[in-house]
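> Sharing a structure with you now.
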């Protein structure tokens, strides 16, 4: 009769019960984790050790224990006056502990560890050589980039000096009533000339088949000889004697 009665929602048992949402799921997860851990512990306890593991444990136990009187070698040493903890030899300069026992557990042959060590050292040396070569290649690439960048900057500077020389040449030639430049590239070419026929362009290219540095050298020499003008000084001298005595030189390096 009492089992069929409804639960009293005002009773202490109902009020004290934690009814937060999601709490039953958290409890079930905790219980599952605890159950799994207990199962692992039981499996570890019930796990049967292999023959190798048992041999290793027995060997370590024996090696850790000191030699007793039941050992024939130790008994002979005692008869000869040896005491436990004493070094071997008449003057006590020998070893105190027995020679350590190195057990070979693998299936590899004798000398395999040395070969393995040598191969590892060779591999490490090859890796270091590769790193060194890669570093050297990166340094060479960086040097080449710097050289290209410097050459590009110098080329741009020479192009600027050439345009400056062309403007100066055109101005100085026109002051002397020279209507046609000595070379077609001595003056800055007007934009209209770009629209000429292809034949005229081909003739123009063949007549100015010089590099920027060669053009600059030829044009500065012309300005110095014809107008006594130095592009880097920015001065028109009175004559060749005044130019040679007061101008540092005929190149940009001489004026630095």
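Each Cβ is built from the backbone N, Cα and C atoms, and glycine gets one as well.
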> Which range, 110-144, 145-179, does TrEMBL list as coiled coil?
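Among 110-144, 145-179, the range TrEMBL annotates as coiled coil is 110-144.
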> Averaged across the coiled coil (110-144), what pLDDT does the model get? Just tell me the whole number, please.
89
